[in-house]
Structure formats: C-alpha cells, structure tokens
Amino acid sequence: MHKLVLASGSPRRKELLAQLGYTFDVVLPDIEECKAEQETAAEYVLRLSQQKAQAGLALVSESSIVVGSDTVVVCDGQVLEKPHHFADAQRMLTQLSDRRHQVMTAVTVVSAEKQHSIVVTTEVWFKKLTQEEIEQYWQSGEPCDKAGSYGIQGLGGRFVTRIEGSYSAVVGLPLYETDQLLHEFI
C-alpha cells in the first residue's frame, strides 16, 4: 500500500486534495523558487512542481507517492509571484486591472518508479480596480502569500469578472487533472 504525501504547506492545496477524498500526509520541501532568465512561465512552474515533488520524495519512505504543485500568474508574458511588500502588490494588481491574464498551475506526481506532470492554464479577467480597492485589499492581508497578489477563493474573487478553465487550478490545485494523475499511481 502506497502512502500519499502532499509536498506543500499551502492550506488551499491541502483543502483541495482532501476534497478529492484522499488521505495524505504533508511535508514541507525546501526549494529555491527563482526563475531562470530564458525559462518560459510554463517551464518555470513545471520545474518548481517537479522539484517540490522530488524534494518531498526525498523526505519520505520509498513506497510513498508525492504530489508537488506550484502556481504562477502571468500578465504580458511576465511572471507575477508572491508580493514582497505593498508596492509590489500594488504594481501587480494595477497591471491586472481591467484585463485578462493567465494562471498556470503545474502538478507533479512522483514515486520511486515514475513521475508524471501536467500544466493547467486558466484565463482570468479582472474588473477595473481603483487604488482605494487595491489598498483596502492589501490591508485585509489576503494578497501577502498569493501569486499575483490575489486569491480568487477569497476577497480577491470580487475582482474576477470571468474565467475560462479550471477554477480549482487558480486556487492552487486542479482537481480533475490531479485526480487523473493520481490514478496512474494508485
């Protein structure tokens, strides 16, 4: 019997994996999240999910199956990661205001024998944001730990006018695709 492990400290990923009905343990892999200069957003998010899964596998028993995931927001070809401070979040949210952007979530499932990955891209449209809305949103504390400085599942959902793709992928773990990957291992 294989033990399932989530290599992530994200409460949203924990909730989503539990929503699929799986029982799992959690490990916190320590990897450096730094985009290489020539790397595309899809290559970057895929590499991070693979590194998280592999680092997680190194922390658990050989018979484990490990899920690693990462999410990035992309606007104008630029990767928007977690903000470091208010000015960072303000810049990102102003850039996303009244436009479309992409949210890319990569999932990697790995065992001692094999590894499978997928990148899910969702198109997201934002309403026009005022500076007051951006400041109030920052004061809520929600943007601090989120790629692109917003969480669609929280207060940031009020900014989203439309999505095309996977809502759960925008939150942090695409349910359908993750379940399909896990069925290749379990």
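For all residues, glycine too, the Cβ spot is worked out from N, Cα and C.
The following features are taken from Swiss-Prot:
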type	residues	note
ACT_SITE	D70	active site, proton acceptor
SITE	R12	site 'Important for substrate specificity'
SITE	T71	site 'Important for substrate specificity'
SITE	Q153	site 'Important for substrate specificity'
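Swiss-Prot feature annotations superimposed on the structure.
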residue	record	Cβ contacts under 8 Å, 6 or more apart
R12	site 'Important for substrate specificity'	G151, Q153, V171, G172, L173
D70	active site, proton acceptor	E33, V45, L48, S49, K52, T105, A106
T71	site 'Important for substrate specificity'	V45, V103, M104, T105, A106, A147, A169, V170, G172
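Around the Cβ of Q153 (site 'Important for substrate specificity'), a 10 Å sphere holds 17 further Cβ atoms from the protein chains shown. In three-state terms derived from DSSP, Q153 (site 'Important for substrate specificity') belongs to neither a helical nor a strand segment and is classed as coil.
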